[in-house]
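Data block below; observations after.
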Amino acid sequence: GTAGGGGMSKGKDDAPHELESQFVLRLPPEYASTVRRAVQSGNVNLKDRLTIELHADGRHGIVRVDRVPLAAKLVDLPCIIESLKTIDKKTFYKTADICQMLVCTVDGDLYPPLEEQTVATDPKANKKKDKDREKKFIWNHGITLPLKNVRKRRFRKTAKKKYIESPDVEKEVKRLLSTDAEAVSVRWEVIAEDETKEADNHGSLTSLDISSPGMSGHKQGHGSSEHDELREIFNDISSSSEDEDERDHHDDEDLNIMDTEEDLERQLQDKLNESDGQQQENEGSNQIAMGIQKQIDNLKSKLQETQDRRKRQEDLIMKVENLALKTRLQAVLDEFKQQEEREKQQMASLQEQLESLMEK
């Protein structure tokens, strides 16, 4: 059991502790309940029933409960705790900081071991002895059960920063940022700690349910082969979603469409140049017209898909309340809108080509 201890004075020679100096008094259960009852009954004779006497070393002492002597040892708690007092159980007043506890046992030594009293002449040896002696009075636990071994669990020594040189770290960060800037596309993901990679692999960005903690984004840039290198570096860190791959795939298709347009024009030009007869020209035109029509059909289905994704993203933004998340989702939405715009323009230019071909 634990009871709060009141003013405590050390040996007669030392100055007594100031009035509000406090410590925790920990007694064997049966004695603790005796003291608790005595305190609660408000008996004036508490001084006769409980006495605390500290030896000269300031660490050992004798606590008497109803004249029964208990061996006491003053230990240092892992950290400072506060004691509060209240009259009405509503308002609490802080009365002291507590950093020590007087632990009493029935079977301990009533007097400190003699060897501790001998003084070595060598000051270095003396210091080490003091240190070792202090170690014996370090308490590893808090004053409640959940804080058992708290000194080892929560207050363990911090790792020494031997190997980390901050200029190197800065250099590495700068390098990563510059590769980011040069990348063809950059993707980011917010991954909750408990989220497993598998779960993320199945979910794609836009079908993202509002409750799912993962988030990904995508940014188009202009750049070079750093892209693959980056992807390799970050592959283990973030799990890529199918949606992103689809989008990369689209980008490739976009490039192909642009190329094919030029190719077709070139082909058309060559065909027109070399065609002697009207018939040849017509055949060539028909072939090209069919090619263009095929591209238009492809674009149509792609545009439909982009519009669906944009719509889903808009619905998602409506549901989100977190502002930071909203901003991120908005960036992705803008991306979709731009893609939709690009596809519409391509479609218009293909339609134009087709019409001009038909006129001929």
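Placement of Cβ uses the backbone N, Cα and C atoms for every residue, glycine included.
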### Task
With TrEMBL as the source, identify the stretch among 119-140, 141-162, 339-360 annotated region 'Disordered'.
339-360
### Summary
Looking only at the domain 'TAFII55 protein conserved region' (19-185), mean pLDDT returns 84
